[in-house]
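Asker: What follows is a single structure, and I will ask about it in a moment.
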Amino acid sequence: MQKYISEARLLLALAIPVILAQIAQTAMGFVDTVMAGGYSATDMAAVAIGTSIWLPAILFGHGLLLALTPVIAQLNGSGRRERIAHQVRQGFWLAGFVSVLIMLVLWNAGYIIRYMENIDPALADKAVGYLRALLWGAPGYLFFQVARNQCEGLAKAKPGMVMGFIGLLVNIPVNYIFIYGHFGMPELGGVGCGVATAAVYWVMFLAMVSYIKRARSMRDIRNEKGTAKPEPAVMKRLIQLGLPIALALFLEVTLFAVVALLVSPLGIVDVAGHQIALNFSSLMFVLPMSLAAAVTIRVGYRLGQGSTLDAQTAARTGLMVGVCMATLTAIFTVSLREQIALLYNDNPEVVTLAAHLMLLAAVYQISDSIQVIGSGILRGYKDTRSIFYITFTAYWVLGLPSGYILALTDLVVEPMGPAGFWIGFIIGLTSAAIMMMLRMRFLQRMPSAIILQRASR
C-alpha cells in the first residue's frame with residue numbers, strides 16, 4: 001500500500017502544475033473571446049469561428065509532438081541522458097515542418113469559412129483576418145511544446161505552468177493594444193486578438209528556452225554535442241509514435257464539432273443547453289487529462305529504469321487517483337448542476353436542459369477519466385497505434401452513430417434531441433475506457449523482456 005501512496009504523491013506533484021498550465025491556456029482563450037466581445041459582437045463571433053478551425057489544426061501538431069515525452073522520460077530513467085538533446089533537436093525540426101503545413105492550411109481556411117451557409121461577408125473577412133494573424137504563432141506554439149515536453153519528460157512540470165501564466169499576463173495588455181489601437185499600433189478589433197496570441201506564443205517559447213539554458217539540472221543535456229541537422233530515422237520514429245496520438249486528438253475534436261453542427265438545427269434552446277454542458281464538462285476534463293500526462297512520464301521513466309513492475313504500479317496508481325477525482329467531480333456536477341447552468345444563462349428552458357445534460361456528463365466522467373488516463377499509460381508504453389484504433393472505434397463507430405440514432409431518429413425511441421448525443425458520448429467513452437483497459441492488461445501480461453524491448457525502440 002505504501003508504494004501506491006508514494007507513487008500517488010509523485011503523480012500529483014507532476015499533475016498539479018500541468019493542471020494549472022492548462023487552466024492558463026484555457027484562460028487565454030476566454031480572455032480573447034471576452035475582449036473581442038467588448039469591441040463588437042461581430043468580432044467576438046469572428047474569433048469563435050477562427051478558433052474552431054485553429055484548434056483542430058494546432059492540436060494535430062501538438063499531438064504529434066507528444067511522442068517526445070515518453071521518449072525523454074525513458075532515456076532519463078535509463079540514465080541515457082546524453083541522447084536527450086538529440087531527440088529534442090529532432091523534435092524542433094519536426095515542429096518546424098509541421099508548422100509550415102499548418103500555416104498553409106490556415107492561410108487557405110478562408111475557402112471553408114466563406115463556404116458556410118448564410119455567413120455575413122464582414123464576419124467572414126474578420127474570421128479570415130484573425131486566422132491569418134494567428135497562424136504566425138503556430139511555430140512559436142509548437143516550438144514551446146517541444147521545450148515543454150523536454151521539461152516534462154524530465155519530470156519538471158513547473159516551468160510549463162510558469163510560462164503558461166506569463167503568457168496569460170502578457171496576452172491581456174497586448175490584446176488591448178492591438179484590438180483598440182494604442183501606442184501607435186493599428187486598431188484591428190478581433191484580428192488584434194490573433195496578432196496578440198501569436199506574439200504571446202513566441203514570448204512563451206523564448207522564455208522557456210531562456211529557462212532551459214539557465215537550469216542547472218539540464219546543463220548536461222544542453223551541452224551534449226551532436227548533429228543539428230534533420231535525421232530521417234529519428235524523425236520517422238517520432239512520427240510513428242506521434243501520428244496516432246495526433247489523429248486521435250483530431251478525431252476527438254472533430255467529433256464534438258460534428259455534434260455541434262448536428263444539434264444546431266434543433267433550435268436556440270437546444271444549442272445553448274448543449275454548449276453550456278459541453279463547456280463545463282471540458283473544464284472538468286482538464287483534471288484527468290493532466291493526470292494522464294503525469295502517468296505517461298512516470299510509466300516511461302519506470303520502463304527506462306527497466307522495472308516493468310514499477311511501471312504497473314504507476315499505471316494502477318494513476319487509474320485509482322483518476323477514478324477518485326472523477327467521482328468527486330461527478331458528485332460536484334450532480335449537486336450543483338442548476339447553479340452552474342445559471343452562471344452561463346438565466347433562461348429557464350436553457351438552464352433546465354443544461355442541468356439535465358450535465359447529469360449525463362456526470363455519468364460519463366468516470367469512464368472519461370479511465371479512458372484518458374489509459375491513453376496516457378499506453379503512451380508511456382509507446383503503444384500509440386492502439387490509441388488511434390480505440391479512439392476511432394469508440395467515438396466514430398460506436399458513440400456518434402448511436403448518439404445520432406437516439407437524438408434524431410425514431411429507430412429505437414422517440415427522438416431525444418441533445419440528450420441522445422450525450423448518451424452517445426457515454427457509450428463512446430465507456431467503450432473507449434473498456435478497450436484501453438483491455439489493451440493495458442494485454443501489454444502488462446507480456447514477458448518483461450518484450451515490454452522493455454518494445455519501450456526502448
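Quick reminder: no glycine exception, Cβ is built from N, Cα and C everywhere.
Okay, so Swiss-Prot annotates it like this:
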type	residues	note
TOPO_DOM	1-10	topological domain 'Cytoplasmic'
TOPO_DOM	32-52	topological domain 'Periplasmic'
TOPO_DOM	74-92	topological domain 'Cytoplasmic'
TOPO_DOM	114-126	topological domain 'Periplasmic'
TOPO_DOM	148-159	topological domain 'Cytoplasmic'
TOPO_DOM	181-188	topological domain 'Periplasmic'
TOPO_DOM	264-275	topological domain 'Periplasmic'
TOPO_DOM	297-313	topological domain 'Cytoplasmic'
TOPO_DOM	335-349	topological domain 'Periplasmic'
TOPO_DOM	371-386	topological domain 'Cytoplasmic'
TOPO_DOM	408-417	topological domain 'Periplasmic'
TOPO_DOM	439-457	topological domain 'Cytoplasmic'
TRANSMEM	11-31	transmembrane segment
TRANSMEM	53-73	transmembrane segment
TRANSMEM	93-113	transmembrane segment
TRANSMEM	127-147	transmembrane segment
TRANSMEM	160-180	transmembrane segment
TRANSMEM	189-209	transmembrane segment
TRANSMEM	243-263	transmembrane segment
TRANSMEM	276-296	transmembrane segment
TRANSMEM	314-334	transmembrane segment
TRANSMEM	350-370	transmembrane segment
TRANSMEM	387-407	transmembrane segment
TRANSMEM	418-438	transmembrane segment
Asker: Within the topological domain 'Periplasmic' (408-417), how many residues are helix, strand or coil going by DSSP?
Answerer: 1 helix, 0 strand, 9 coil
Asker: Reported in the order helix, strand, coil, what are the DSSP residue counts of the topological domain 'Periplasmic' (32-52)?
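Answerer: Its residues divide into 20 helix, 0 strand, 1 coil.
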Asker: On the DSSP side of things, how many residues of the topological domain 'Periplasmic' (335-349) fall into helix, strand and coil, could you say?
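Answerer: Secondary-structure composition of the topological domain 'Periplasmic' (335-349): 12 helix, 0 strand, 3 coil.
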Asker: Taking DSSP states H, G and I as helix and E and B as strand, how many residues of the topological domain 'Cytoplasmic' (74-92) are helix, strand and coil?
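Answerer: Taking each residue of the topological domain 'Cytoplasmic' (74-92) in turn, the totals are 16 helix, 0 strand, 3 coil.
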Asker: Below 8 angstroms Cβ to Cβ, which residues of this chain, lying six or more residues outside the topological domain 'Periplasmic' (32-52), approach it?
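Answerer: Result: 113, 116, 120, 122-123, 126-131, 134, 171-172, 175-176, 179-180, 189-191, 193-194, 196-197, 257.
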Asker: DSSP-wise, what's the residue breakdown of the topological domain 'Cytoplasmic' (148-159) into helix, strand and coil?
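Answerer: Final tally across the stretch: 8 helix, 0 strand, 4 coil.
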Asker: Would you kindly list the residues that approach the topological domain 'Cytoplasmic' (74-92) from elsewhere in its chain, counting only those six or more residues past its ends and only Cβ-Cβ distances under 8 Å?
Answerer: 65, 68, 143, 146-147, 149-150, 153-155, 220-222, 224, 226-228, 230-231, 234-235, 238, 300-306, 382, 455-456
Asker: Using a Cβ cut-off under 8 Å, which residues of the same chain at least 6 positions beyond either end of the topological domain 'Cytoplasmic' (297-313) come close to it?
Answerer: 3-4, 7, 10-11, 14, 69-80, 152-153, 155, 376-377, 379-382, 444, 448, 451-452, 455-456
